[in-house]
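Reading through the structure tokens given below for one structure.
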Amino acid sequence: MFTTKKSMLLFFFLGTISLSLCEQERGADEDDGVEMTEEEVKRGIMDTVKNVAKNLAGQLLDKLKCKITAC
């Protein structure tokens, strides 16, 4: 009877530790998720700005080319 209680106590203890570690990892993953979305937003904004600048530069070069070649 004593060995059964001892093994049950050990089983409960190990299960509690395992559950605690899983919760800590889940919390860390959730924190990283927020940071990733902020980084993705920053990347999205920078990509948009880069594309707008690229299009404006292309249009300005086309107008300049037209003025030079008198189209």
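Glycine residues also receive a Cβ, built from the backbone N, Cα and C atoms like all the rest.
The structure displayed is predicted, hence computed values, not measured ones.
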Recorded disulfide partner - Cys66, candidates Cys22, Cys71, source Swiss-Prot: Cys71
Neighbour tally for Cys66 (disulfide bond), based on other Cβ positions within 10 Å of its Cβ: 10
